[in-house]
Each structure stands twice: as structure tokens, then as C-alpha cells.
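Report on the following structure.
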């Protein structure tokens, strides 16, 4: 599985996630604006953090 792993609005980068079945994108807002984090897996998130998990290559941009 290949997942995007760039932060927020940086240029897209990807990494190969061996053994993973999900990519994730999570986002929240703070004083800097909207923060977006992407990577492998499907983490648990705190209340107030939005999470989208998906199962295809590069699905989490």
C-alpha cells in the first residue's frame, strides 16, 4: 500500500506502508489554521480531530 505522508499543504510525498491495509488523513484547526496530517494505518484520534481512513493507494491526499 502506498500512502501520502506530507503535512498540511506541502508538496505531495508518499511512502510505502508494508503490512498496512489503510492510509489516513486527519485534520484539525488551531491558531495556525487547519493542520492536516497524513500517513499509514488508521489511528485513534482525540475528540475534535477529523479522521478519514481509506484502503487504496494514495487515497489520502
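Backbone N, Cα and C atoms are what each Cβ position is placed from, and that goes for glycine too.
Feature annotations, reproduced from Swiss-Prot:
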type	residues	note
DISULFID	3-23	disulfide bond
DISULFID	17-40	disulfide bond
DISULFID	42-53	disulfide bond
DISULFID	54-59	disulfide bond
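Shown here: features listed in Swiss-Prot, placed on the structure.
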| residue | record | Cβ neighbours (10 Å) |
| --- | --- | --- |
| 3 | disulfide bond | 24 |
| 17 | disulfide bond | 17 |
| 23 | disulfide bond | 28 |
| 40 | disulfide bond | 21 |
| 42 | disulfide bond | 17 |
| 53 | disulfide bond | 15 |
| 54 | disulfide bond | 14 |
| 59 | disulfide bond | 17 |
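Within 10 Å of residue 17 (disulfide bond), counting C-alpha to C-alpha distances, fall the following of the disulfide-bonded residues 23, 42, 53, 54: 23.
Rounded to a whole number, the distance between the Cα atoms of residue 3 (disulfide bond) and residue 59 (disulfide bond) is 7 Å.
Among the disulfide-bonded residues 40, 42, 53, 54, the residue whose Cα lies closest in space to that of residue 3 (disulfide bond) is 40. With respect to their backbone Cα atoms, residue 42 (disulfide bond) and residue 23 (disulfide bond) stand 6 Å from each other.
Reduced to three states, the DSSP call for residue 42 (disulfide bond) is coil. Of the recorded residues, residue 40 (disulfide bond) and residue 23 (disulfide bond) place their C-alpha atoms 5 Å from one another. In this structure the C-alpha atoms belonging to residue 53 (disulfide bond) and residue 23 (disulfide bond) are separated by 6 Å.
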